[in-house]
Amino acid sequence: MAISDLLNRRVRAAPDEDEEVYSDESASGSEPPSDEGSSDESGSESGRDSLNGSDNDFDSESQNSEASDSISEDEDDDGDVKSSLNNISFGALAKAQASFAPQTKRRTKNLKDNEGTTASPLDDIRAKIQEAREQKRKASLASKDSSAKSRVDKPPPRTSKHAPTVQSSKYAVSRKRTIIEPPSVPKSRDPRFDPTIVGGRGGSGSSAPSDAYAFLDDYRAAELRALKEQLAKTKDVRRREALQREIRSMTDRLRTIENHKREKEILSEHKKREKQLIREGKKATPYFLKKSDIKKQALLKKYEGMKSKDRAKALERRRKKAAAKERKEMPMERRGLGGDSDAAPSKRRRMA
């Protein structure tokens, strides 16, 4: 049987089986009368009920026979349909299914048509309320999504400025790779922070850098001698003044370097003495020298190493320096050397 014949075949619906209704009266009529002395009216009524019951039984039997015939015919048709469907390809079934419109679309269209015909102001208000709720729900979802994204993108704030910064580890792997290593460029080394000099020999407070670069002092001394010789040979006034300034600055630099060396020596000797006293048990805690004490001891050590003539010159120079400092701190009226009190105070000359 072809698929077109199967689709165009008319099928008769099977009639529903009516439930057999048996009334109490028919049931009582079928039963034999219990009271023999009943009246004639009761006998006639029972006869009518029995006739009605027999008619109902005949009708039910006829309906049952028709239903059984229709069921048998349907079973035969179903068998033929199944045998023919087994021989149909899936492509033909798909085409047949696509030719029919889905029932859901039909139902929705019918419902929309019914709603359009029975529209009322109350329905419009309900629809507007529903739309407002839907918009509010979408806005809340969008705000939640944006807040979640901002929380993900923005790292949490630090507890304090000393706390380590939080950085995400989700970084793409770099697609660049070094094929040829560039040649190593020699870097300039600072002796103050060079680990080969400072770090390897007792830390930053040690005298390792000064010992390693002690030859610079010899260079400075040689340069100072060359400048003095050049000053003796030069007759130009401007050139002589420039050489004198340079010699003065260099001597001051050398004097400062010597003072620093002297202070370091004093501090190292003091530390050794304190460690020895603690080791012997004479002291429990060390005594740390103040900067003023270190400077005083360095000055005493400097004067002890000088000759008597040089020491006198140095003391005189130091006295003049202290007097000039005190004079600057005095008020203008007391800076004179003992003249008339009515005389006008001497004004300080400005240096150009």
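Glycine is treated like the rest: Cβ placed from N, Cα and C.
Swiss-Prot has this to say about the protein:
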{"type": "COILED", "residues": "221-280", "note": "coiled coil"}
{"type": "COMPBIAS", "residues": "33-43", "note": "compositional bias 'Acidic residues'"}
{"type": "COMPBIAS", "residues": "123-134", "note": "compositional bias 'Basic and acidic residues'"}
{"type": "COMPBIAS", "residues": "146-156", "note": "compositional bias 'Basic and acidic residues'"}
{"type": "COMPBIAS", "residues": "303-315", "note": "compositional bias 'Basic and acidic residues'"}
{"type": "COMPBIAS", "residues": "323-337", "note": "compositional bias 'Basic and acidic residues'"}
{"type": "REGION", "residues": "1-209", "note": "region 'Disordered'"}
{"type": "REGION", "residues": "303-352", "note": "region 'Disordered'"}
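Here the coiled coil (221-280) returns a mean pLDDT of 92 for the predicted model.
Each residue in the compositional bias 'Basic and acidic residues' (123-134) gets a DSSP state, and the totals come to 12 helix, 0 strand, 0 coil. Sorting each residue of the compositional bias 'Basic and acidic residues' (323-337) by its DSSP state yields 10 helix, 0 strand, 5 coil.
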